[in-house]
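Listed features, source TrEMBL:
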- His492: active site, proton donor (ACT_SITE)
- His492, Asn493, Ser494, Thr495, His496, Asp533, Asp661, Gln713: AMP binding site (BINDING)
- His496, His532, Asp533, Asp661: Zn(2+) 1 binding site (BINDING)
- Asp533: Zn(2+) 2 binding site (BINDING)
- 298-309: compositional bias 'Polar residues' (COMPBIAS)
- 149-219: domain 'PAS' (DOMAIN)
- 416-755: domain 'PDEase' (DOMAIN)
- 294-319: region 'Disordered' (REGION)
Amino acid sequence: ASVRFVCDDPLPVFPQVLLVFAEEDEQSNGFRWACDKAGFRCNIARTPQSALECFLDKHHDIIIIDHRHSRYFDAEALCRSIRTTKASENTVIVCVVQRHTDREESSILPLISAGFTRRYVENSSRMACYNELIQLEFGQVQAQFKLRACNSLFTALEKSQEAIEITSEDHVIQYVNPAFETMMGYQIGELIEKELTEVPINEKKADFLDTINSCIKIGKEWQGMYYAKKKNGDSIQQNVKILPVIGQGGKIRHYVSISRLCNDNNKVEKTCECIQAESQTDTQTCRHKDMRKGSLDVRSTTSRGSDGISQRRRSSMARVHSMTIEAPITKVINIINAAQESSPMPVAEALDRALEILRTTELYSPQLGTKDEDPHTSDLVGGLMTDGLRRLSGNEYILSAKQTHQVAGSLSSPISLNDIPPRITQAMENEEQWDFDIFELEAATHKRPLVYLGLKIFARFGICEFLNCSESTLRSWLQVIEANYHSSNSYHNSTHSADVLHATAYFLSKERVKQTLDPIDEVAALIAATVHDVDHPGRTNSFLCNAGSELAILYNDTAVLESHHAALAFQLTTRDGKCNIFKNMERNEYRTLRQVIIDMVLATEMTKHFEHVNKFVNSINKPLAALEENGNNGDGESIKTVLRSPENRILIKRMLIKCADISNPCRPREQCIEWAGRISEEYFAQTDEERRQGLPVVMPVFDRNTCSIPKSQLSFIDYFIIDMFDAWDAFADLPNLMEHLNNNIKYWKGLDGRNLRVLRPPP
C-alpha cells in the first residue's frame, strides 16, 4: 500500500510579501516593482501597528522591514513582536539596512537575535530587489513551505501499521511508534533510553546476531526474519528491515528498524540481505523505495467529536494537542515520514535535515533558541538548566560536606499534635484548600511551619499507620528535617518545603490522582515533598559547579543539589532511631518506598524538565485525550490501562512533585508576589556573591540594581509553567489554579507595560 495525504499548505504559486516602510522612497518602490515583476502579492504598511495587523490577517511568506531610519519606528522591536506570533514560525523576515562606505562592517548578530532571517544592504536598483526576492523564493521560502507539512507527516508515522524503532549508534532506543508498542506489548516509557540488551525483545542466536551486525555495521541494510519476545514472554516471528543512518563524520549514527508480523509462523530465519548502494544519493533513493514497499495505513487525521465531554474538558484536551513543546525527536519523526514522498530531491533534502537533528544528544529537550530571545529567559534557562561553565577558579565554595547537621538528640522535644497552640491551629484550618496561606502559618510558627503542617497532613493521610511508626517518631523526624533547612535563605527554606508539601497533598486529593496512585505512592510523595530541598544553600547547581564546591565534586557536577537532598534525607532519618520513621518497615517495602522518594526528589532537577513534561504529555495526556475524543469516557478498563501501568505512574508522580515545587505562579496573587520577591532576592544574592568571588555570573540579568522582576516572572511562566500546568490541568482538573495563573500573568504584564521593575505598583 502507498502513503497518501493532503498537504494543508502546498507551495503557492505566488508568495505573499509585506513591505514595512514608513515613507515611500526609491527603495520601497524598487521592492514593489520587483513584487509586480515576480508575480508576488504585495501589501504595504507604514506603521508597526498596521504591519502587525496586516500580517496577522494575511500571514505573509516574506516581510521586508526598513531598518534605515530609527526615528520612524524600531525595526528590531517590530520583528520581535511578529516573532512572538505562532503565524511567523515559517515566515522569512528581511531587514533593510543603510549602506556605509566610510566605516567598518557591523555585526549581523543583533539582527538575527531580533528574529530577522537575513539582511539586505540598501540598493534601490529594481533588478537588485527582484534578484533578492527570487533568491528568497527558491531558498528560504521553499524550505519553510516543506516544513509546514510536518504535522501531517508525523501522523503518517504514528499511524503506520509497521512497527518502527530508532536506536543510536550504541543501540540505545530513542523512539518507537504505537504499532511497535502494540506488537511487542511495551509502552514507550519502558523502552526509551534503554539499551537493546536491557530489553529482552530479541531472541536470536549468537551467530545470527553476528551476521546481522556484520552487515549493518559497515553501512549496509539488513532484511530478513527472526523471532522476538514480547513483554508477556510470547515469541513472535517478524519480517524486519534494519537501516543504518550515516551521520556526522560519515559514520553510522543511528539505526532504523522496520518490522511487521509474518503471516506464516512456520517460516525459518532467512539469511541476511546486504544491499550495497553505488553512491550516497542512490543509497537514499534505494532505501526509501524499499521502505515504500511496506504498508503505512494513514487513516483520517481529522479530530473526532466529543459531544459528551464538558466544555472545560474539551478546552483542556485542545491545549494538550496544541502545546508548543517540540522535542528534536518529534522533528526527526516528521522528516523521516516526509521521506516517503516519491520525488527524489525532497527525499534527499529531508534526509539531510534528519541527519542534522539526529546529531543532537537531547531528544526530549526543545531547542532553546526557539523561544523569545529575552535576556530574562536566557538567564533563567542558563541558570536552571545547565551545570555551570566548568571554568577553573581560584575560589572554592565549601558547602555541607563538613557541616554538622542537626540530629534528633540535639533538638528540643517537639509538642504533640493535640497540643498545638490555638493561633497555629487557626492558621491551618483551611489547609485542605488551594488558597491556604502558608505565610500566615509561617508567622504563627515563628518560621517553623513544616513541623506543624507536616503533622496535620501526615495524620490526614495515615502516614504513621502505613509506616508502622509512632507519632512521636514522626514529630522528631519532621523537626530534624526542618532544622536542616536554612532559615537564612529567602526562598529555599522550610516555608518553601511546607508549601510544596501542601501542594502535593492537594494534588493527591484530586480524583484522577487518587485513581492512579497506591498508598505507598502517596506516602512517598508526601515524604519527597518534605525533604526535596533539605540543606539547600540558596545557590543554584550552576553556582556550585563553577565554584568547585565539595558537593559538586562528590556528585560529578550532575544533579548536585537534588542528589544531596535525597541522600541527606535518608542519612538524617536512619542515623537515629528516635526519628527513623522507616525502622519498622519490611525490607522490600522500604526499598520500594526509598526508590520512589529518590526518583521524585531527583525529578525536581530542572535540566530534565522538558523530558518529564514531554513524556507525561505523550504517554498520558494524549492517550487519555484520544479515549475521550472517541467517546470512551466510560471505558474504565481502557483508562485504567493508561493510568495504572507502572511506567505511567512514575511519570505522574514526577509531574506531581514538579508542579508542586514550582506552583508559585498558580497561587493567589499576594502569595505569588511574595514568592516572586523571595526567589528574586535569592538570585540577587547569588549574583552578588559570584561577583565578589570572581566566579562566572550565570544569571547576570538578576542584578538587584537593574532587574525587572515582572519580566523575570513572565519569562519563567512562559518558558516553564504554562505548558506544564496545561498538561497537569488536563489530567487532574485544576480550574482554580489556572484562573490564578491567568490573573497573575495579567498582573505581571500590567507592571511590565508600565515599565515598572518592582513587585508592586507605587501607592
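Backbone N, Cα and C define each Cβ position, glycine as well.
Automated prediction, rather than curation, is the source of TrEMBL annotations.
Features recorded in TrEMBL, as mapped to the structure shown.
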residue	record	Cβ within 10 Å
His492	active site, proton donor	21
Asn493	AMP binding site	23
Ser494	AMP binding site	29
Thr495	AMP binding site	28
His496	AMP binding site	24
His532	Zn(2+) 1 binding site	27
Asp533	AMP binding site	24
Asp661	AMP binding site	23
Gln713	AMP binding site	28
Pairwise over His492, Asn493, Ser494, Thr495, His496, Asp533, Asp661, Gln713, annotated as binding AMP, what's the top Cα to Cα distance to the nearest Å? 22
Near Zn(2+) 1: residues not in His496, His532, Asp533, Asp661 with Cβ within 8 Å of the site Cβ centroid are His492, Ser497, Val500, Ala529, His536, Thr604
Cα-proximity to His532 (Zn(2+) 1 binding site), 10 Å cut-off, over binding-site residues Asn493, Thr495, Asp661, Gln713: Asp661
